[in-house]
Amino acid sequence: MEINMSFYWGPCSEGPHELYFKDLSKRKKQVMEKNGNNRKLRVCVATCNRADYSKLAPIMFGIKTEPEFFDLDVVVLGSHLIDDYGNTYRMIEQDDFDINTRLHTIVRGEDEAAMVESVGLALVKLPDVLNRLKPDIMIVHGDRFDALALATSAALMNIRILHIEGGEVSGTIDDSIRHAITKLAHYHVCCTRSAEQHLISMCEDHDRILLAGCPSYDKLLCAKNKDYMSIIRMWLGDDVKPKDYIVALQHPVTTDIKHSIKMFELTLDALISFNKRTLVLFPNIDAGSKEMVRVMRKKGIEHHPNFRAVKHVPFDQFIQLVAHAGCMIGNSSCGVREVGAFGTPVINLGTRQIGRETGENVLHVRDADTQDKILQALHLQFGKQYPCSKIYGDGNAVPRILKFLKSIDLQEPLQKKFCFPPVKDNISQDIDHILETLSALAVDLGGTNLRVAIVSMKGEIVKKYTQFNPKTYEERINLILQMCVEAAAEAVKLNCRILGVGVSTGGRVNPREGIVLHSTKLIQEWNSVDLRTPLSDTLHLPVWVDNDGNCAAMAERKFGQGKGLENFVTLITGTGIGGGIIHQHELIHGSSFCAAELGHLVVSLDGPDCSCGSHGCIEAYASGMALQKEAKKLHDEDLLLVEGMSVPKDEAVGALHLIQAAKLGNVKAQSILRTAGTALGLGVVNILHTVNPSLVILSGILASHYIHTVKDVIRQQALPSVQDVDVVVSDLVDPALLGAASMVLDYTTRRIY
């Protein structure tokens with residue numbers, strides 16, 4: 001799945017990789033002893049085209065950084081050596097790699113027969129090279145026909161094979177080639193958990209599978225170029241602005257060449273009609289590419305004022321171009337994999353990438369059979385900004401791969417062993433056989449405190465950070481970003497792989513856009529706040545945002561007493577009163593994201609004033625604020641304190657003092673709590689009559705004090721048909737954090753394609 005570009009890969013300056021490499025060099029002696037020899041591992045990296053070099057180059061740099069462990073031989077073949085495709089072997093030389101061997105293996109013709117003949121030519125030439133180099137292991141990438149020739153030659157010559165990006169599903173003949181290489185390879189480095197599952201299902205030995213992420217993400221996630229405007233101007237013109245141009249990259253589909261050529265023609269027509277400046281990259285060398293170039297020239301794309309047609313772009317410049325594009329369109333794997341790291345909108349055309357896992361930035365037009373469909377997709381996607389996705393990597397693939405290489409025992413038998421069913425459980429391990437805990441970063445934005453936690457898949461809070469919630473927007477958003485960055489860095493040390501960020505906040509939230517629409521009075525300067533964009537841009541992770549009541553319900557659904565239930569309601573009894581409704585296993589948001597504002601159910605027409613502007617709401621009776629107000633009244637009248645009770649002068653009177661007084665026999669305090677519990681009970685009765693859940697869960701610090709009164713009210717006031725509905729106190733300690741985490745864990749683990 002070749003990306004038609006040239007690449008320049010240099011290690012990120014002063015990144016974590018260099019420190020990692022230095023640390024590992026100290027362990028040279030132990031690793032050599034483990035391998036049973038005192039010689040270095042001889043690694044042959046064979047690169048066939050511009051696309052696979054983007055994935056192999058970071059590994060090559062890592063290997064080159066550790067000459068005490070590895071000897072590196074580089075073999076270049078395929079389209080690298082063709083002038084029409086940019087002679088991109090020169091880029092490998094510019095990266096300061098010594099090319100050991102150049103093999104001219106491409107038979108020109110750009111049709112099916114030429115692809116077969118190219119494989120045959122490579123098979124004829126490779127044995128001499130491998131006999132001369134005698135590598136311990138050959139690294140092969142992906143699903144290209146050239147890679148199949150490499151894997152076949154190495155396997156037949158008893159050379160161990162490490163296959164990069166096996167187990168993935170895309171479309172066309174690439175799938176068959178990829179899986180064929182998997183069966184020839186001895187070791188596997190995959191990029192996603194689904195790919196790992198596929199490899200296990202294909203009976204590959206789980207101990208020889210490494211879930212590392214895509215090596216190219218090690219470059220993408222540390223790519224910083226403040227001078228991106230000069231790159232945009234160089235390739236698209238001086239008058240082009242960021243987010244106001246398109247990058248188009250479309251390749252032939254070898255199993256349906258005729259249709260793919262027609263689709264390319266429709267794409268160009270749609271782009272002409274859309275009338276935006278567009279950078280069009282030439283297709284790869286697959287069968288059908290020659291016809292696609294003819295279509296470009298027939299339509300005058302190379303001379304059209306709105307188009308810039310190029311054969312390749314240096315990779316460090318290409319990533320800046322796609323990062324700041326208004327949209328990318330085509331059928332390249334680059335669009336559905338790498339571009340997600342920037343949140344750039346992508347339109348994926350046809351079936352070439354039909355099985356790929358994608359972020360929400362990708363819009364699929366699988367039947368791209370009319371110009372109008374493609375044009376409509378352009379109108380829908382152009383100029384949007386999506387959360388940055390890390391489905392394919394977290395920027396730490398190369399250190400994992402180097403550890404994997406060092407663990408290979410050359411004394412083990414060469415013969416592959418297949419693990420036929422029953423298949424091992426879905427467990428991923430790094431090379432130290434330590435489970436990397438899949439985790440979420442959870443943020444809870446309360447009226448007083450700001451909390452960030454690393455939460456595991458099982459609902460365990462691995463580590464929690466707490467700070468006072470600042471009063472201004474700027475201070476608050478900066479503190480959130482700072483705490484999240486620190487927690488994400490700590491997660492690496494704790495061996496936790498962060499899948500995304502979930503945010504729980506007070507107020508009305510649009511979870512689709514990640515925006516706080518209106519906040520409670522407890523959190524100032526917090527209206528119309530976009531939380532998703534700054535978090536996603538800073539952490540390069542997908543971000544989910546929701547109301548704290550909804551988060552409490554989601555926590556119960558995943559980790560608490562609502563687990564497995566189809567319908568239930570959660571009521572939070574804290575500073576305010578909130579809640580969430582689960583109906584048919586799904587959270588109810590409502591038409592204007594105002595569902596489950598349960599604290600503002602009116603239970604008395606002449607009740608006390610509520611913070612919402614109304615009166616007689618549950619919150620005006622039963623919230624922590626309401627109880628604090630009543631406690632202050634009693635205290636001011638010297639009616640709060642009883643024997644055995646005192647309140648220090650520097651301590652504010654609150655709800656807990658009222659509860660303490662009631663427990664010690666204060667009749668007035670007991671009456672206030674009974675009234676509050678009755679109001680809450682009437683609200684629960686209304687919920688039972690309206691939603692008819694199978695369970696009501698009371699959550700929050702006041703829940704245990706209300707539970708008995710609520711049950712009494714239900715027995716007295718509810719219809720007989722709902723009196724048997726159980727009301728329980730939540731056993732979750734941090735429902736807001738767990739609910740925020742559940743948004744991440746539910747979405748990232750149930751992704752289907």
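Including glycine, each Cβ sits where the backbone N, Cα and C put it.
A TrEMBL annotation is a machine prediction, not a hand-curated record.
What TrEMBL says about this protein:
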type	residues	note
ACT_SITE	D548	active site
BINDING	R508, T520, D548, E597, H600, E619	N-acyl-D-mannosamine binding site
BINDING	H600, C610, C612, C617	Zn(2+) binding site
DOMAIN	68-406	domain 'UDP-N-acetylglucosamine 2-epimerase'
Task = Counting other Cβ atoms within 10 Å, pick out the least crowded of the recorded positions D548, E597, E619.
result = E597
Ask   = Out of C610, C612, which of the binding-site residues is least crowded by other Cβ atoms within 10 Å?
value = C612
Remark   = Filtered by Cβ under 8 Å and at least 6 apart in sequence, the residues in the chain of T520 (N-acyl-D-mannosamine binding site) near it are G447, G506, G507, G576, S611
Request  = Compare the Cα of H600 (N-acyl-D-mannosamine binding site) against each of the recorded positions D548, C610, C612, C617 and report the nearest.
outcome  = C617
Note = Students should find that the Cβ of H600 (N-acyl-D-mannosamine binding site) has, within 10 Å, a number of other Cβ atoms equal to 20
Key: C-beta crowding around C617 (Zn(2+) binding site), within 10 angstroms   = 28
Ask   = In angstrom units, rounded to an integer, how far apart are the Cα atoms of E597 (N-acyl-D-mannosamine binding site) and the residue listed as 'active site'?
value = 11
Request  = Determine which residues of the same chain, besides H600, C610, C612, C617, have their CB within 8 A of the center of the CB atoms at the recorded Zn(2+) site, and list them by sequence.
outcome  = G599, V602, S611, G613, S614, H615, I618, E619, A620
Task = Compute the C-alpha separation of C612 (Zn(2+) binding site) from the residue listed as 'active site', stating it in Å without decimals.
result = 17
Note = Taking every residue in the domain 'UDP-N-acetylglucosamine 2-epimerase' (68-406), the average pLDDT works out to 91
Inquiry  = Neighbour count, 10 Å Cβ-Cβ cut-off, for R508 (N-acyl-D-mannosamine binding site): what number do you get?
reply    = 18
Ask   = Distance between the residue listed as 'active site' and R508 (N-acyl-D-mannosamine binding site) at the Cα atoms, whole Å?
value = 9
Ask   = Relative to the mean position of the Cβ atoms of R508, T520, D548, E597, H600, E619, the recorded N-acyl-D-mannosamine site, which additional same-chain residues have Cβ within 8 Å?
value = G506, G507, N547, G549, G576, I577, G578, G599, C612
Ask   = Roughly how wide, in whole Å, is the group R508, T520, D548, E597, H600, E619 that binds N-acyl-D-mannosamine, by largest Cα to Cα distance?
value = 16
